[in-house]
Every structure is written in C-alpha cells, then in structure tokens.
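Student: What follows is a structure written as structure tokens; I'll ask about it next.
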Amino acid sequence: MEFRGHDEPVDEMGVAYGRTPPSSSSSPAASASAGNGAGAAEVRYHECLRNHAAAMGGHVVDGCGEFMPMPGDAADALKCAACGCHRSFHRKDDGQQQQQLRLLIPSPPTPRVPLLMPPPQPQPHPHPHPQHPYLHPPFPYHHTPSGSGGTTTESSSEERGPPSSSAAAAQGRRKRFRTKFTPEQKEQMLAFAERVGWRMQKQDEALVEQFCAQVGVRRQVFKVWMHNNKSSIGSSSGGGSRRQPQEQQSQQQQQQQ
C-alpha cells in the first residue's frame, strides 16, 4: 500500500534523517565497516514505523520487518528494498538501548533471612463453669384466690394443670398472656356462672357457646375465669347450690301432676 505525496523527512538544515554528513564516508556500507573497525556497536534498522494514514488521522504501517538497502548508489542505499521507505522511518538499534535497559533494571533483592521466633504458646481453653440454680430466671408468680373474698380482675387464657419440665422452661422464657375484662363482661360472666352453677356440663354446651359469642369472650377463657373465681365468688354467693332448689321445684311439679 503506497501513498503518493509523502517525501522523505528533512530536518531544518535540509538533510534527510538517517543520512551521514558529507564529511563522513560516501556510502552507509563504508560507514558501517569503519565503525566496526573502530570497535563501535553495530547499528541495525528494524521494522518500518512510517504511518501511511497520517493524513486521514489513522495509523497504518506497511508491515516491513527489517530495513534492506537497495543496491545502487549512496542515495538508493538509504531506501528500503522491501517497502521503499527511507531508512529513517525504520527503528534504529545501536546496542546502547540494551545497555541502558540493563543499567535501569534493578538487581534482584537479596533474600532476607526470616527472624526465628519461638512458637506461640497455646492458650488454655476456658472450661465451662457449671450453672448454678440461682442463676436461672425465677418462674412467674401465680396468685391463687383465697376464700377471704374479693374479685380478680385478670384471668389466664390457659387452663391450669401440672406443669411439665418443658412447660416450666417455656414459662421461664416468655411472659404469660392474660386477658383483661371490662366491668360489663365481668357482671355478665358472674351472672351466667351463677346461673349454670359454676360448672360447664354437656347439656349446657349450646348455651355456653351462645353466651360467649354474645359477650365477646372465648369459651376456653370463660372456662378458666370461672375456674379461678369459683372458690372466691361462688362460695360467697352460694351459687354452687342454686341448681338444687330448681331441681327440687321441678320434681315437686312433676309429682303434683
């Protein structure tokens, strides 16, 4: 690929790059031989670096890998026989660059002798301390209503029973939820508990379900409340024996008929 119009590079004095001054030998071969005779480093020209697309703002080289002088006179000897470019477009290698690179390359660092330190002593593993019984959180205190009277304002949402080991551990970790009732709910539950005799029987299942839906209390919660307040409220009001007069009256009516 050749582009016309690219002349040989000329410096300010009008001398082409790479040409020897008139005072030197007439041919590059003679100069090279003279240099070799004087003991100077051999000068070589490698690949062509001429940019053939400089006018278009690109970068294209012809791919010539080494300068080969044309046979003929001194002017033709400065042109490459492979690419036709001037010798100054080829990369010059006079052997000094390799020497400079050798001087710039730092010497390999001397290996450092590692400092011998004694091995670290193994730390003793801490033994787990036995847990004392007083470190465990105490179980929540459950107030049991006494027979002296007084109504309770709270009721547990779970039935009382013999606490197992797992249940006791669970009680120690979480707080039991307690249902709070309004004064109207307490009055209605008290009246209904006295009506059924503070007991839940099978024949009263439908009545209990209807009452719980009306008051807004779950059946299990009402059952626990009635169990907790039976000894304190039921004994003082005498509600445990209210069914007996009713049963006696029904029997007397049947006998009269």
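Positions of Cβ are set from backbone N, Cα and C atoms, glycine also.
Not my notes, these are from Swiss-Prot:
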- 174-237: DNA-binding region (DNA_BIND)
- 106-125: compositional bias 'Pro residues' (COMPBIAS)
- 1-35: region 'Disordered' (REGION)
- 106-182: region 'Disordered' (REGION)
- 228-257: region 'Disordered' (REGION)
- 45-93: zinc finger (ZN_FING)
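So that I understand the layout, could you describe where these features sit and how close they are to other parts?
Tutor: Residue counts for the zinc finger (45-93) under DSSP, helix first, then strand, then coil, are 7 helix, 12 strand, 30 coil.
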Student: Quick one: DSSP breakdown of the DNA-binding region (174-237) into helix, strand and coil?
Tutor: 47 helix, 3 strand, 14 coil
Student: Return the average pLDDT for the zinc finger (45-93) as a whole number.
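Tutor: In the predicted model, the zinc finger (45-93) has a mean pLDDT of 87.
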